[in-house]
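What Swiss-Prot lists as N-acetylalanine is A2. Annotation source Swiss-Prot lists omega-N-methylarginine at R469, citing similarity to another entry. The N6,N6-dimethyllysine feature in Swiss-Prot is assigned to K561. The phosphothreonine annotation in Swiss-Prot covers T636. Per Swiss-Prot, region 'Nucleotide-binding domain (NBD)' is recorded for 2-386, and the stated evidence type is similarity to another entry. Residues or ranges marked as region 'Substrate-binding domain (SBD)' in Swiss-Prot (evidence: similarity to another entry): 394-509. The annotation region 'Disordered' is assigned in Swiss-Prot to 617-641.
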Amino acid sequence: MAKNTAIGIDLGTTYSCVGVFQHGKVEIIANDQGNRTTPSYVAFTDTERLIGDAAKNQVALNPQNTVFDAKRLIGRKFGDPVVQSDMKHWPFRVINDGDKPKVQVSYKGETKAFYPEEISSMVLTKMKEIAEAYLGHPVTNAVITVPAYFNDSQRQATKDAGVIAGLNVLRIINEPTAAAIAYGLDRTGKGERNVLIFDLGGGTFDVSILTIDDGIFEVKATAGDTHLGGEDFDNRLVNHFVEEFKRKHKKDISQNKRAVRRLRTACERAKRTLSSSTQASLEIDSLFEGIDFYTSITRARFEELCSDLFRSTLEPVEKALRDAKLDKAQIHDLVLVGGSTRIPKVQKLLQDFFNGRDLNKSINPDEAVAYGAAVQAAILMGDKSENVQDLLLLDVAPLSLGLETAGGVMTALIKRNSTIPTKQTQIFTTYSDNQPGVLIQVYEGERAMTRDNNLLGRFELSGIPPAPRGVPQIEVTFDIDANGILNVTATDKSTGKANKITITNDKGRLSKEEIERMVQEAEKYKAEDEVQRERVSAKNALESYAFNMKSAVEDEGLKGKISEADKKKVLDKCQEVISWLDANTLAEKDEFEHKRKELEQVCNPIISRLYQGAGGPGAGGFGAQGPKGGSGSGPTIEEVD
């Protein structure tokens with residue numbers, strides 16, 4: 001088996017990802033930089049060829065010879081309108097060779113031209129090497145994914161790229177199909193299911209509707225926007241900060257490629273941060289002409305900057321539903337794919353569109369496709385492990401799950417590394433005569449005694465008819481579903497009386513007491529946050545007032561309307577305040593307010609004289625928004641009677 005491992009590769013437009021199925025589960029493999037996704041970039045320099053992170057990191061220094069987006073060229077003719085329109089936006093050169101596009105670069109001092117298949121094969125080679133480094137032996141067999149709308153020539157070209165990379169391509173499968181396999185949606189055994197896959201990646205947006213019946217996948221409809229993705233959101237942030245830099249420093253950095261590239265990298269990082277935090281800060285030293293650029297952005301502002309792009313994702317969803325002749329109520333499963341679906345606003349729009357339906361997002365969205373491809377690869381290699389046989393191969397239970405029996409002994413019902421979903425039932429009985437009820441305490445862990453394991457929850461089954469010890473039969477069932485949500489049910493066989501508990505979120509489980517304690521701490525922190533928020537708000541108000549006053553008196557249109565002395569007075573005071581701000585970023589709220597009053601005393605008389613008492617321009621403080629309330633990251637334990 002070891003030498004015959006097959007891998008699954010998600011060959012993406014902007015990023016690629018590789019996974020392998022072994023030891024009964026899928027491993028998504030990290031590259032040498034520790035990243036689980038690798039940029040689909042290839043760069044050519046005077047001395048070497050770079051692939052992946054190394055290529056993307058030097059793109060600012062070497063844009064003409066850094067190739068990306070090969071997936072937009074593969075299997076297309078040079079005259080294809082898509083190729084013609086994309087060419088306008090690429091920094092590298094695309095040439096025509098017998099109506100086939102080729103990418104022209106300078107490599108080791110010579111001009112070279114490569115077919116898109118060759119560029120893609122370099123990325124595939126990189127993915128193959130990443131897998132080999134992890135597995136410790138050569139790998140040849142692979143399943144590679146393509147968008148559902150790829151035509152035959154694009155599929156064949158992708159397969160050729162695999163062959164060039166030295167891979168035996170077992171199969172080319174559709175990305176949405178791979179994502180559905182990752183979530184085990186083909187194994188629910190519930191008859192025909194309609195699945196909508198919402199795939200918002202780095203460069204493209206695809207909506208697919210699949211019908212799955214008895215393991216057979218049928219693509220019913222595809223829609224989307226081949227030029228909408230994470231990079232567009234980055235661009236909005238870049239433009240926003242270019243404008244901010246103009247406002248603050250009166251300089252336009254948009255023509256300086258290196259500055260824009262550094263800004264873009266910081267924006268991409270900030271965007272990722274905003275999926276989990278409500279505010280992100282950017283710190284770029286010496287961005288342009290020696291000026292350091294330190295700033296921040298809130299999630300709300302980011303959502304506003306991209307609101308039209310986010311909303312536009314729903315149109316293809318409607319189109320796909322129309323084409324599939326389905327109503328939104330007829331969709332059984334919604335699956336999120338692509339890193340950009342981590343954005344909370346995108347999730348909310350989709351969820352609201354489907355009237356609050358749950359989204360499948362327990363697998364990392366940028367890894368779901370490679371995950372499914374790895375599963376498919378294992379099946380095609382005839383992997384006989386029981387996990388693949390009834391492959392609801394979602395995951396495994398990381399720790400044994402069981403309950404406490406007499407004397408504090410841990411009795412495991414579900415052993416660690418069992419494939420989930422799974423269901424186990426065992427009969428227990430009472431410990432003493434006429435015992436009226438039993439306390440079911442659910443634990444996870446490998447130790448023999450429950451006191452050394454982790455308590456997940458407990459519930460009581462009462463109303464057991466009086467009987468000698470050992471007579472009552474209490475049936476306990478542990479049932480974990482594909483998302484790792486555990487349901488424990490206890491039933492008294494004689495009366496049919498039952499009680500259950502649901503434990504969700506197997507990561508960092510917390511007991512009720514801990515949650516309670518955290519709620520109280522959060523209240524305390526909230527008060528501290530409030531003080532901090534007001535402080536930042538006062539600082540921002542002062543800063544923007546100072547900059548506004550400065551621009552007001554420097555306005556060309558005011559030449560001659562304001563005396564040089566007055567102008568100097570305002571500018572000096574503004575400069576003094578701005579310098580003070582830079583030196584005292586951590587001052588208290590009242591200090592900022594005091595400075596503001598000082599500045600107003602200087603500026604107001606001059607500005608009001610200037611506008612004949614019409615009042616100066618407002619100060620428009622940008623109040624920084626702090627994090628919103630509880631984030632619901634703890635587990636929820638619901639008791640059901």
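Any Cβ shown, glycine's included, is placed from N, Cα and C.
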Query: Any idea what DSSP makes of K561 (N6,N6-dimethyllysine), helix, strand or coil?
result: coil
Query: Cα distance, K561 (N6,N6-dimethyllysine) to R469 (omega-N-methylarginine), nearest Å?
result: 99
Task: Helix, strand, coil: count each for the residues of the region 'Substrate-binding domain (SBD)' (394-509), based on DSSP.
output: 3 helix, 60 strand, 53 coil
Message: Can you tell me how many other Cβ atoms are located within 10 Å of the Cβ belonging to R469 (omega-N-methylarginine)?
response: 12
- request: Enumerate same-chain residues with a sequence separation of six or more from the residue listed as 'N6,N6-dimethyllysine' and a Cβ-Cβ distance below 8 A; give 'none' if the list is empty.
  value: L610
- request: Please average pLDDT over the region 'Nucleotide-binding domain (NBD)' (2-386) for the predicted structure.
  value: 92
